Amino acid sequence: MKLVASCIPQSSPEHFKEPAMSNMPADNSTTELQQLDADTATATSRSERAKWLLTSPDPPPPWHQLFSSIKQTLLPQPKTKQPRPNRPFLFLQSFFPILKWGRNYKAAKFKNDLLAGLTLASLCIPQSIGYANLAKMDPQYGLYTSVVPPLIYAVMGSSRDIAIGPVAVVSLLLSAMISKVVDPAADPVTYRRTVFTVTFFTGAFQALFGVFRLGFLVDFLSHAAIVGFMGGAAIVIGLQQLKGLLGLNHFTSKTDVVSVFGAVIKALHHQWYPLNSVLGCSFLIFILITRFIGQRNRKLFWLPAMAPLFSVILSTLIVYLSKGDEHGIKIVKHFKGGLNPTSVHQLNFGGPHVGEAAKIGLICALIALTEAIAVGRSFASIKGYHLDGNKEMVAMGFMNIIGSLTSCYTATGSFSRTAVNYSAGCETVVSNIVMSITVLICLLFFTKLLYYTPLAILASIILSALPGLIDLHAAYNIWKVDKLDFMVCLGAFFGVLFGSVEIGLLVAVIISFGKIMVSSIKPSTEVLGRLPGTDLFCNVLQYSVANKISGILITRINSGTLCFANASFIRERILRSVTDENNTEESSKGRLQVLVLDMTNVTNIDTSGIHAMEELYKQLIAQGIELAVVNPRWQVITKMKAAKFVEKIGAGWIFLSIGDAVDAALRLKINGLNNC
């Protein structure tokens, strides 16, 4: 005892024992107070964050968003505040970008644009004549289409590289679809008037898409659908050239493979002229060789660009000097030159075919825009500038509307000519102006020289441009990434090949919509767990290390909308997850107390979605389970408040984050255990 006493500091026993009796309770009460303060602060901050969500203002109505988008297109806001006198000029700049970049245009740029424009014209002239033949129009209309639309686009378009004019796919669309309405051989005048009317509708639809920011309609034709459609269309276009390449007098107006091969076999049993094939194949080989050389040596980019025009000139001389037309070689013959004549009086808005013309115009508008915007954005990304899709639609629309009034058919951006324009070193769309003026000079002075141009050469020029439309590498990548997308690609390809252009597009759109409908009507839900050592909540199937929290089920809805199409399905999926979790919890001697529903992905909800949420809440309450809603988006929380759903579940069960909801659920669980 003395030894122990000596180890203790000098103090009385009473003095020694008093701190033990008085300080310990003080320490415990201090810890409890600190914990209570921390819990109170956490609850307060959580409540404050939830209040931000619940007191957010109402979102703008749909018509306000529509007017804002139109205003943004027509009256774009400047990045810096401009003085009032410049406002009208800014309005003009939004419609005519040339007013903006034209002020800084220099002579050094014009030198490059002049060279690019002349190179472009050398390729454009023979291609335009060939594409007019593909569209079943007289040759001059192809050249007309390479004069006015490029000029309009030059003042209204925002791409610096795109080359405007007739293209193979749109020419095929026009001939394939309008020929079913009007026979071009029996009534060429009505056929031509219908083509101009379709072009007007095409431009009108394109302009409306741009003004009302409806560019998403172009996306209904997915990348896979376009790859398949272009590949099928390239083969169909190639088969159509057999008439000119073989010198056939009679040929089918259908585009499917079976009909074309049947017509060729039938025609070969009658009179045909092999000299056409010899001439066409010889120059086709020449054009392909020059293209190969140009690809191997970039400095010789002008060689494949000049080859088609050189082929036209040389073949025309050969036919003229040898009088080949007297030996069965088919020639152009009729070729009217001069300025574009007006075609206002040829537009037909009151005839029996106006409905069909509008339908064909809509299809052409979508296809032409898809090709042009894809081409424009590809080269814009290479040069590092932004291309406004909506302004491009407006520019394309106005150029086709004005084109329909000046004897032009539907024009758009050409990938092959744009590639030549880029390789030639173009700086701005002035290269399109140079090309347009060069084609106009050709129309004024040189059309008579093209009288003896053989049709086989035009066929070989079109055939030489087709390999660029078949993208096997893209098709293979689609197969590797998404098998269902590859089905869309195959549907478009075989639909065009064995049916028609419309059937190919229809099959592709139906499969694409089916894919969207399946993912929208039956979206997935996923159970989330906390990643160890973090506040992140992830799919427990994707991350095996994610831990579920006992008594709490965290579920996320993977759908952008909760609507009439998927609300019942989502509700049933969630209830099934609750049942499965309850069975698991009971087997581990626990009970599910809270369902945390993460609505971060849900951007909109309709009355059916609200009703499904109410039904879900009732069924959960009947089972003794609370519902916590996490991060409902602006439109969603606004409609929930309007439907008084927030009042039903209680404002205290709306949270900004999953972490807040889990903390509140754990407090509920702990309080329940304490009460027990």
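Cβ coordinates come from backbone N, Cα and C, glycine included.
The region 'Disordered' annotation in TrEMBL covers 1-29. TrEMBL lists 162-182, 194-214, 220-239, 275-293, 300-321, 394-416, 428-446, 451-470, 490-513 with the feature transmembrane segment. Residues annotated as domain 'STAS' in TrEMBL: 559-665.
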Field: Cβ contacts under 8 Å made by the transmembrane segment (194-214) with residues that lie 6+ beyond its boundaries
entry: 66, 69-70, 72-74, 135, 137, 174, 178, 181-182, 343, 346-349, 353-354, 357-358, 360-362, 364-365, 368-369, 390-405, 407-410
- line: In the same chain, residues at least 6 away from the ends of the transmembrane segment (428-446) whose Cβ sits under 8 Å of its Cβ atoms read 98, 101, 105, 109-110, 113-114, 116-118, 120-121, 124-125, 128, 140, 143-144, 146-148, 150-151, 153-154, 157, 159-160, 162-164, 337-339, 421
Query: Thinking of Cβ pairs under 8 Å, which stretch from 220-239, 275-293, 300-321, 394-416, 490-513 has the most of them with the transmembrane segment (451-470)?
result: 275-293
- request: Report, as numbers and ranges, every residue of the chain located at least six residues beyond the transmembrane segment (275-293) whose Cβ falls under 8 Å of a Cβ in that stretch; write 'none' if there are none.
  value: 244-247, 300, 303-304, 307-308, 311, 314-315, 318-319, 324, 327-330, 454-457, 459-461, 463-464
- line: Long-range Cβ contacts under 8 Å made by the transmembrane segment (490-513), restricted to residues 6 or more beyond its ends, are 172-173, 176-177, 220-222, 224-229, 231-233, 235-236, 254-258, 363, 367, 484
- prompt: Taking pairs 6 or more apart in sequence, does the count of Cβ pairs under 8 Å between the transmembrane segment (162-182) and the transmembrane segment (300-321) hit 3 or more?
  reply: no
Statement: Checked against DSSP, the composition of the domain 'STAS' (559-665) is 62 helix, 16 strand, 29 coil
Residues from the same chain, set at least six apart from the ends of the transmembrane segment (394-416), whose C-beta lies under 8 A from its own: 73, 95, 123, 127, 132, 135, 137, 141, 144-150, 152-153, 156-159, 162-167, 170-171, 174, 195-200, 202-211, 340-344, 347, 364, 368-369, 371-373, 375-376, 465, 468
